[in-house]
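Visitor: Have a look at this one.
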Amino acid sequence: MNAPIIDPLQGDFPEVIEEYLEHGLMKCIAFNRRGTLLAAGCSDGSCVIWDFETRGIAKELKDRDCSAAITSVCWSKYGHRILVSAADKSLTLWDVVSGQKVTRIVLQQTPLQARLHPGSSMPSVCLACPLSSAPVIVDFSTGDTTALPVTVPDMGNVVAPPSRNKFPDGAPYTLTAACFNKNGDLVYVGNSKGEILIIDHKNVKVLAMVPISSGAVVKNIVFSRNGQHLLTNSSDRIIRIYENILPLKDGLGALHDLNKTIKEEDTLENLKAVGSKCLVLFREFQDSITKTHWKAPCFSGDGEWVISASASKGEHKFYIWDRAGHLVKILEGPKEQLIDLAWHPVHPIIVSVSLTGLVYIWAKDYTENWSAFAPDFKELEENEEYVEREDEFDLVPETEKVKESDINEDDEVDIVTVEKDPFSDSDMSQDELCFFPATPCPDDPQQQDKCVGSSSKLIDSNHSGSPLSEENGQNGQNGQAVHNASSPLEEDTAGGNQLKRKRKLSEKGLELQAEKVRKPMKPLKSTGRSSKTKNKSVVDQDSGNGLYADDGSDDY
């Protein structure tokens, strides 16, 4: 689609299903930072990586030790690593290019979601949200797991217990949601009490708390791509958008400074005071009529749109809002339950996963509007006669020759400065994996040997002579009739050792040939001259033209 003729007034959100991807039974999906690769976790424990430009499978990662369904997939910052969590309580870190397993760790509970540290190019730390237990920080280099606090009263003096690799016995943990901030120095945890805890995961310390008005259980918590907004999905069927006031790069240092300036006698009130300086409620989204439960909420790539799917069974429906809070579109697909959702980082494309394992690609239905970009463009109802100017189709019209150019040709052109990519904040000095290198598949040596052997046999049979050709040669030397109706090749004695492809005789041709063989040969009439006739030899040419008599020349 040509970008200059697209109506700019149309919204940058998908409208129709463009196509679908099918490979096994896919459960969850995730784009890399550029949106060129799409990773999908399957029910058989494998992870399929799709080239989103060609819509073909680029690589498949399969762990022999894992046959359980994949619960989540996550790309590293530069796309060289993929973290896969499975229903068998395992976390597997993969090297994408080589397809080799880097490490594998088994937790005490099934991880429903796992996220790699976003601030490192080769991360060795991840955040996992297990089933019915507190979120944990997993260090792949040492194998240690550290449980994060989920409530302030459990902390006592707000400092976490030093025990690692063990969960407190009898702790009333429920399903919680957690995510890293943009820089990865803070973890935001949503608990069952309707609170958002901001935690220093290195020191395992709660630094701030933001209470939710309704006190409902937080089911999902997601940051936007630029890190400026935070989204929460609660059990009260309301999606809330918070504005992040902390700086994007040194949020941990800013929190420590706030804790030093705010002095409250009550620890809980002090945390709330600090939290009010970190997050501010921006918008709330809900369906006030149907009171729909939400699942898989997320931001668009530029953060201008918010999308969430309906949690109703048998519905493949999701809603799109703008950041101002207006519902702009409701998209409904096939009668299949939706289980996961992702927005393309760059383009207005949404990818959804159905319960049947299909991945649907939703794209925008563009309509061309030429007059929107050319104010003097006029759409004609019918053909009209037009008298063209003399210089209308000249490369340089006379009217433009008269005008003086305002461009200073002596100005230097900047060819060194690289424009900043608005859709990616990654360090351009790092080698980011956007596509898989194309490596030609080598031919099978066994197949090559077979081809060489068969061709050499054919050449030998043509030049050295097969048993059939040798027999024909002997019969030709003895002057006997040669009759090989079933041979595919024949030797042309007149033109040397040339091979011809024969045509199979029809039934009528075979009957005519048999009649000519049964008929006696007629003697030649004698002339007035003394002549000697050679013995006639009949040669069957097997070309469908019958038998031919070879008469010798007269001797005088």
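Glycine too: its Cβ is placed from the backbone N, Cα and C atoms.
Bear in mind that TrEMBL entries carry predicted annotations, made automatically and left uncurated.
Keep in mind it's a predicted model, so treat the numbers as computed, not measured.
If you look up TrEMBL, you'll see 453-487 marked as compositional bias 'Polar residues'. The compositional bias 'Basic and acidic residues' annotation in TrEMBL covers 506-518. Annotated region 'Disordered' per TrEMBL: 434-556, in sequence order. According to TrEMBL, the repeat 'WD' annotation covers 26-60, 70-104.
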Visitor: Which residues of the same chain, at least 6 past either end of the repeat 'WD' (70-104), have a Cβ under 8 Å from a Cβ in it?
Guide: 27-34, 37, 39-43, 45-47, 49, 59, 61, 63, 110-116, 118-123, 126, 128, 130, 138, 140, 426, 430-434, 436-437
Visitor: Along the repeat 'WD' (26-60), what average pLDDT does this model show?
Guide: 95
Visitor: Based on DSSP, tally up the residues of the repeat 'WD' (70-104) by helix, strand and coil.
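Guide: Reading the DSSP string over the repeat 'WD' (70-104) gives 0 helix, 22 strand, 13 coil.
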